[in-house]
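Feature annotations, reproduced from Swiss-Prot:
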type	residues	note
BINDING	ARG178, SER179, GLY180	substrate binding site
COMPBIAS	260-272	compositional bias 'Basic and acidic residues'
REGION	260-295	region 'Disordered'
Amino acid sequence: MQSDSAPLPRVEYVFETSKFRMTSRANEARLRLTNECPILVRPHEPFIMPTGIHFTRTPSCAFILTGETDKDVFCHTGLIDGGYRGEIQVILLNKRKYPVTLYRGELNICLSAFNYVLPPLRDVSFLTPPMYANDAGFDVMVMHSMVIPPTTDQPFMIYLGVETPGPPEPHVALALGRSGLASRGIVIDVSEWGPRGLQLKFYNYSGQPWLAQPGSRICQIVFVERRHILKGFKKCLRHRKLAPGVRFREARVHFREDTNSVRKHTHEDNPVHEPNVATASADIRGTKGLGSSGF
């Protein structure tokens with residue numbers, strides 16, 4: 001455990017946008033953004049909103065992207081891998097049959113760091129290991145075809161009656177949605193994989209049935225340090241509620257704006273610290289995907 005006197009791990013970023021304003025307090029252990037302009041979210045049309053945030057330096061951790069609004073809009077809880085260097089984007093989905101507008105100040109975005117482990121798993125047929133260096137999630141694949149109908153009021157539920165295959169204490173296996181599916185209208189509630197199995201709650205806001213073929217990746221599993229998931233008396237500590245029963249407390253890191261890397265407004269300029277596509281190693285994520293899983 002890190003002592004209070006030790007310097008905090010540093011996360012450096014650049015922030016270039018007029019669509020959000022930074023609302024984090026000084027020395028806050030997370031980044032907070034609030035929308036500056038109206039956002040129109042139409043039914044059955046996932047809205048991918050650039051935040052203007054690019055990480056240029058990250059310690060050995062990953063990040064969770066969360067969104068909050070009082071409107072009838074589902075904000076995809078995104079996994080941002082430590083090796084991702086593209087622009088971080090939030091995915092919004094309309095839960096109703098009519099357009100919903102988020103006016104100035106009605107959408108709050110948070111980026112929080114967490115520590116994780118990649119355990120050597122025993123043979124689990126429906127889990128595949130991370131694809132890139134510094135990726136945090138194991139993909140969950142379906143073994144048989146299934147159809148997720150359009151969501152009305154109730155989620156489409158899948159139960160995997162398999163004990164969590166990861167290490168025991170001090171880690172918790174969390175199921176998170178894939179950004180590639182969220183960009184097509186398919187999202188899940190964050191859930192904990194326990195000794196009795198894993199329950200997945202899917203929401204299909206695309207307006208069309210979605211067919212998952214055998215081998216399709218439907219979500220991802222992250223083995224999070226247990227101290228990030230508050231239980232018992234610790235639930236009284238400050239936290240973010242990722243889902244009913246899942247109370248998340250971020251890692252203590254120092255977010256600092258990278259003044260040495262200034263993102264230009266012109267499309268001709270090379271993005272900050274992003275690997276050149278022609279020379280980047282195949283095992284580096286770089287700008288691929290939306291932070292974790294890709295399209």
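Using N, Cα and C of the backbone, Cβ positions are placed for all residues, glycine too.
If you draw a 10 Å sphere around the CB of ARG178 (substrate binding site), it holds 27 other CB atoms from the protein chains shown. In this structure, the binding-site residues SER179, GLY180 were compared by how many other Cβ atoms lie within 10 Å of their Cβ, and the smallest count belongs to GLY180.
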